[in-house]
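Colleague: I grabbed these lines from Swiss-Prot:
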| type | residues | note |
| --- | --- | --- |
| BINDING | G51, I52, S53, G54, G55, V56, D57, S58, T168, K197, T219 | ATP binding site |
| BINDING | D57, E173 | Mg(2+) binding site |
| BINDING | R148, K181, D188, H268, K269 | deamido-NAD(+) binding site |
Amino acid sequence: MTSADYASRQRAIIAELNVAPHFDVDADIARRVDFLAQYLRSSGLRTYVLGISGGVDSSTAGRLAQLAVEQLRAGGYDARFIAMRLPNGVQNDEADAQRALAFVRADETFTVDVKPAADAMLASLVASGHAFETPAQQDFVHGNIKARERMIAQYAVAGARRGIVIGTDHAAESLMGFFTKFGDGGADVLPLAGLSKRRVRAVARALGGDELIVMKVPTADLEELRPLRPDEHAYGVTYDEIDDFLEGKTVSDTVYETVLRFYDGSRHKRALPYTLFDWPTA
């Protein structure tokens, strides 16, 4: 591809992911809190539900949600926010999760251990006769099972409490497809949509987040063979490079190629299920 081709695709992707050319953190916070408040009220439901991992994304989304329900209550609408801790057994960075909960200050907090359900599903697959090609493949699949079990738990609580499930996907993760389809990618509302990672951090900082939360190294921490593996190791590019791409800055050809490969390869994750009416005809 030529430089002009790269630039054209970059502009199209930025528009598709709704990344604004300019960013005012205080105005952005107010807009997102108001959006969450209006969305919940318009639905007729009463509760927001979100899993809090300890990372900056869930911490930021959680604090925005708590501010939104407080805004609704101030206006006479009964609304609550439920934060869920969803560890897989003992979480390696549990101290970070507790720090995040203290920052979010949710109305209620529930803890559900997904390990028994995730392990039981894997054991059932193995007992059925399914054979994984390698231990690494089994570990990867098991990790996605954990992510989906977490969403099952959140939707169970939402179903019982007239709730809506919040997702933490933002423009950087969406660009790279770095989420589990129907796992952490399965949610009702995405308050961080359109934000680069550095802008998520800016929002968290403006909301009063501890620097240990704001600058925590992002990790899905789903794979037991590679615990706490940083997202950037999986990407092969840094979040700063991803954010530069999203904010319309010039990046190296290697970064362009890497980003576009991830973006094109994860297109199915950003789409509704295909039907024959979506498939192009000759």
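Every residue, even glycine, has its Cβ placed from backbone N, Cα and C.
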Colleague: Would you work out the biggest C-alpha to C-alpha distance among R148, K181, D188, H268, K269, the residues that bind deamido-NAD(+) according to the record, and give it in angstrom as a whole number?
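Modeller: Output for deamido-NAD(+) binders R148, K181, D188, H268, K269: max Cα distance 18 Å.
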Colleague: If you measure every Cα to Cα pair among G51, I52, S53, G54, G55, V56, D57, S58, T168, K197, T219, the residues listed for ATP, what is the largest value in Å?
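Modeller: So the maximum pairwise Cα distance among the ATP binders is 19 Å.
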Colleague: For G51 (ATP binding site) and E173 (Mg(2+) binding site), what Cα-Cα distance in Å is obtained after rounding to a whole number?
Modeller: 17
Colleague: Measuring CB to CB from G55 (ATP binding site), give everything in the same chain under 8 Å that is also at least six residues away in sequence.
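Modeller: When sequence neighbours closer than 6 are ignored, G55 (ATP binding site) has D96, A100, I213, K216, P218, T219 within Cβ distance under 8 Å.
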Colleague: What is the separation, in Å, between the Cα atoms of S53 (ATP binding site) and D188 (deamido-NAD(+) binding site)?
Modeller: 18
Colleague: Validating a neighbour-count step here. Other CB atoms within 10 A of the CB of G51 (ATP binding site): how many?
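Modeller: Excluding its own Cβ, G51 (ATP binding site) sees 28 Cβ atoms within 10 Å.
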Colleague: Give me the Cα-Cα distance between E173 (Mg(2+) binding site) and K269 (deamido-NAD(+) binding site), rounded to a whole Å.
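Modeller: Computed Cα spacing between E173 (Mg(2+) binding site) and K269 (deamido-NAD(+) binding site) is 11 Å.
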Colleague: Around D57 (ATP binding site), how many other C-beta atoms are within 10 angstroms of its C-beta?
Modeller: 23
Colleague: Where's the emptiest Cβ shell within 10 Å among the binding-site residues H268, K269?
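Modeller: Minimum Cβ neighbour count within 10 Å, taken over the binding-site residues H268, K269, occurs at H268.
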Colleague: Cβ distance under 8 Å to K181 (deamido-NAD(+) binding site), same chain, sequence separation 6 or more: which residues?
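Modeller: Same-chain residues close to K181 (deamido-NAD(+) binding site) (Cβ under 8 Å, separated by 6 or more) are H268, K269.
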Colleague: Neighbour count first, Cβ atoms within 10 Å, every protein chain included; then name which of E173, D188 tops the list of binding-site residues.
Modeller: E173
Colleague: Sort K181 (deamido-NAD(+) binding site) into helix, strand or coil using the DSSP assignment.
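Modeller: Going by the DSSP assignment, K181 (deamido-NAD(+) binding site) belongs to neither helix nor strand, so it counts as coil.
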Colleague: Can you tell which of S53, T168, T219 has the least company, meaning the fewest other C-beta atoms within 10 angstroms of its C-beta, among these binding-site residues?
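Modeller: Lowest Cβ count within 10 Å among the binding-site residues (S53, T168, T219) is T219.
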